[in-house]
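What Swiss-Prot annotates here:
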- G169, D170, R171, Q172, T173, G174, K175, T176: ATP binding site (BINDING)
- S362: site 'Required for activity' (SITE)
Amino acid sequence: MNLRPEEISSIIRQQIDKYEAQVEVSDVGTVIQVGDGIARVYGLEDCMAAELLEFPGGTLGMALNLEEDNIGCVIMGPYTHIKEGDPVKRTGRIISVPVGDALIGRVVNPLGQPIDGKGPIKTEKYRPTERIAPGVITRKSVTVPLQTGLKAIDAMVPVGRGQRELIIGDRQTGKTAVAVDAIINQKGQDVICIYVAVGQKASTVAGVVQTLEAHGAMEYSIVVAANASEPAPLLYLAPYSGCAMGEEFMDNGKDVLIIYDDLSKQATAYREMSLLLRRPPGREAFPGDVFYLHSRLLERAARLAPEFGGGSITALPIIETQAGDVSAYIPTNVISITDGQIFLETDLFNSGQRPAISVGLSVSRVGGAAQIKAMKQVAGQLRLDLAQYRELAAFAQFGSDLDKATQARLNRGARTVQILKQGQYKPYPVEEQVVVIYTAVKGFLDDVELNKIGAFEDGFINFMRSNKADILKAIREQKEIKPETDAKLVAAIEEFKKTFA
């Protein structure tokens with residue numbers, strides 16, 4: 001093939017015409033020290049706080065310490081291949097996560113990347129993990145209940161939409177079980193649930209996901225998992241990522257329930273990062289801003305006023321105590337930030353009282369306004385009965401000769417305690433809770449043997465569902481026990497008691 005000189009020159013001219021000069025400008029620094037998941041980087045003068053930095057091999061880091069001559073950066077991923085002298089690029093992005101409906105039903109890591117093997121998540125929208133909490137003007141007070149399906153909680157420490165209610169207790173007292181039950185009970189309630197697992201074993205998280213799938217709860221849930229094997233920065237980041245995902249739904253007028261399981265491990269991860277970054281330690285070696293770590297997260301839970309969309313985020317943070325010590329640093333911090341706490345006791349748990357809620361130490365500071373009237377009608381008496389029972393039970397240990405009134409109170413208290421027991425993954429709709437508690441506080445269980453209370457409860461609920469559904473419907477729709485409903489309910493209890501032996 002022979003090319004004439006003029007053809008060659010025309011081909012070269014075409015190539016010159018097509019040529020586009022492209023200059024890629026990137027701010028590049030140099031690693032001067034690396035180790036323990038922390039890198040010191042020199043030369044990135046315009047770097048922002050919490051900006052993502054790109055290390056060789058695609059590993060990402062987050063700038064936390066902006067010092068005079070270098071940047072302290074935490075590495076979010078494997079760092080053994082990073083060495084002194086490596087280039088580090090600025091991305092210009094503050095750390096953000098994907099948000100939207102595409103995440104529902106998925107298990108993701110704190111960066112929003114799927115870890116459930118179900119393929120990529122198709123969403124265009126991203127949100128920064130950090131956001132300033134809604135102000136006073138944009139909020140509305142808590143008035144709508146968020147039913148957990150657990151009698152002891154919905155009756156005595158009620159949770160409202162937009163509330164922060166702490167679940168606190170030692171290890172192995174059923175904290176996660178309470179949270180998972182609350183998620184399962186949101187089926188059909190139009191609530192998006194987000195379960196954030198911080199520092200849990202991968203097998204534990206897999207168990208929770210299987211439970212949610214088995215009860216059809218993954219259809220409206222997102223699981224954000226930072227397992228125990230992950231680097232500390234990912235454990236620190238996970239709650240903020242979950243909250244950012246929830247805020248997308250809240251801003252679109254939806255109700256969201258977020259479980260942070262648990263914030264003790266997030267505080268530990270933050271302590272590890274801070275000490276490695278050489279920040280000065282404070283009490284229990286935590287950095288001085290560990291209170292702000294949790295307050296800025298939990299303040300993002302809110303109920304928005306209708307003109308701002310009317311959505312809500314309800315937060316159930318979990319804190320693990322050591323030997324029931326509620327006065328340690330992190331527990332006292334989170335108790336002071338939240339609107340109440342559900343305290344779970346080891347002794348109650350071991351004695352078979354499940355959920356192991358300590359009625360004396362548990363409180364809901366705003367949820368009472370959100371309780372439906374029917375529950376208020378029966379639960380007011382319930383708290384009083386239990387308080388008197390605890391007082392008398394302590395007193396009765398010293399003397400055997402008790403008068404009839406005291407004996408009757410002790411008997412009723414024992415039955416009330418029994419009626420508040422509930423199996424795992426068996427949440428009750430609120431109207432069924434009301435009728436069951438009604439039987440206890442109105443004295444209908446006084447002549448039922450203590451060991452038959454559970455059987456009575458199961459039988460009575462089935463009887464009400466099949467034969468007296470109109471009473472349950474009336475309580476559900478009217479949200480109170482009107483005199484005519486009351487009379488029907490008493491008649492129904494009497495009718496069932498005749499058949500129960």
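Glycine too: its Cβ is placed from the backbone N, Cα and C atoms.
Structural mapping of features recorded in Swiss-Prot.
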residue: G169; record: ATP binding site; DSSP class: strand
residue: G174; record: ATP binding site; DSSP class: coil
residue: S362; record: site 'Required for activity'; DSSP class: coil
Practice item. Mind giving me a neighbour count for R171 (ATP binding site)? Other Cβ atoms within 10 Å of its Cβ, every protein chain shown. Key: 10
**Study point:** Sparsest-packed among the recorded positions, when each Cβ's other Cβ atoms within 10 Å are tallied, from Q172, T173, T176, S362
**Key:** Q172
Exercise for review: Give me the Cα-Cα distance between T173 (ATP binding site) and S362 (site 'Required for activity'), rounded to a whole Å.
Suggested key: 15
Review point. For the binding-site residues G169, G174, which one has its C-beta crowded by the most other C-beta atoms within 10 angstroms?
Key: G169
Study note, to complete from the structure: Around the Cβ of K175 (ATP binding site), other Cβ atoms within 10 Å, all chains included, total 24
Check your understanding: 10 Å Cβ neighbour count around D170 (ATP binding site)?
Key -> 18
Study note, to complete from the structure: Rounded Cα distance, in Å, between S362 (site 'Required for activity') and D170 (ATP binding site) is 14
Exercise for review: Identify all same-chain residues not among G169, D170, R171, Q172, T173, G174, K175, T176 whose C-beta atom falls within 8 angstroms of the centroid of the ATP site's C-beta atoms; report them in sequence order.
Suggested key: E320, L344, T346, F349, A356
